[in-house]
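According to Swiss-Prot:
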type	residues	note
BINDING	176, 177, 178, 179, 180, 181, 182, 183	ATP binding site
SITE	375	site 'Required for activity'
């Protein structure tokens, strides 16, 4: 009986081949990154050498665990912006390439959370589960992947929805001096999306990117959104003023990456950049430290590209791409109402319109302090709801004429009856557009309010009583008629609905409002209120 060999030669060769493959694979894994060293480091920027294969925007890791992103690629050196604490970065420190372009985790779990520009939680609620990673420097959607803006996104603010409408996928700039209500408009717009959250077709995912804001301001925004019940559909990307310039530079791109993830899933996104002036200043500081040649106002030559490649990501996608959208509300802070400065003119030329907030109007208690003369929406009119478009057609012109006539009347000794009526109508329309913050108006309420003002139903109402008249009228229509419900359902102010509205307004005004006024005037007054009542009566007589 012959003995069979235990192992054949082919089996031996196979074992050796597998061993060599595993050894080479382990060697490749052990050497998958290169190691360089820091040549110099100062003010949040480090120059490194020994990494010739670095890519633009590649993430590098210093030996102390701090990350940085490559912005400059020279022949021998690479300029890296440190993303995190800079104190531990010293000359001679090892730094390794990661082979990854700067990216952040994204997913639905980010709703209701506060994260930093790297997607790390800063709200103390633990890690954020993520679905995937998304690069920060991805190309925006191409021309053939888009469609025109045709769906409205309601802010709940009468002055904006009627005269400066915004559509889904639009980029609408909010610009004005500090402390004029820019952030308030953005936050009110987020709050107004609450009613749509229960409808999967209408729901809007909101992102608030705080760039260089005070920590107390960011905490205040979060508190307002929590109290309004809006954090469940909102993500806050927080970059306080104490953060390094690198974080302020990448924060808007991080927010847009989170939003693009939802947009390409066919969802609708609203993103607020508060504000891009501080991002431009951070980028200027980084560029000067990287020894890039300065240009106008010491900004680098590519500062326009900084904002254009960011805001171009806001779009309304075609049906073939899922039909999602990302609406951008960038905020720019001006100095002394100068919108002709470098950064404001750049962003105005990139966006699809601007809402200009005037400090004089704000100080005169006209809030929101929208200057309708130079505020414009270039594409939002195509998305405006029919009923609002019908009632607000001449509103912007009337208010612009009122502002001009008001300025003229300061120097005129006497005005004719037509001019005086125009002044009275304009004053009441301006009063009608005043609105408290965090109190958005539904579309149907806006339609009734503007229609009543434009058709002279408040011309004989004392100026101080205009908002009370509006509140009581809307309450009357809500409780006694179905007009508001029909307006909301129909979306158009039909002839039949218009006749019903006329009858209801006249009935309220004659049978309810004036009866209440008469009863109020019959009530006995306290001694200290008699003088005030005489003043009110004299105003009505005039």
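Here, residue 1 is simply the first one shown, and the rest follow in order.
Each Cβ is built from the backbone N, Cα and C atoms, and glycine gets one as well.
Features recorded in Swiss-Prot, as mapped to the structure shown.
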| residue | record | DSSP class |
| --- | --- | --- |
| 176 | ATP binding site | strand |
| 181 | ATP binding site | coil |
| 375 | site 'Required for activity' | coil |
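Apart from the site residues 176, 177, 178, 179, 180, 181, 182, 183, the chain places the Cβ of 333, 357, 359, 362 no farther than 8 Å from the centroid of the site's Cβ atoms, the recorded ATP location. By a simple count of nearby Cβ atoms, those within 10 Å, the most crowded of the recorded positions 179, 180, 183, 375 is 180.
Residue 375 (site 'Required for activity') sits 11 Å from residue 176 (ATP binding site), taking the C-alpha atoms as the reference points. Comparing Cβ neighbour counts within 10 Å across the binding-site residues 178, 182, the minimum falls on 178. Remark: of the binding-site residues 176, 181, the most isolated position is 181 (fewest other Cβ atoms within 10 Å of its Cβ).
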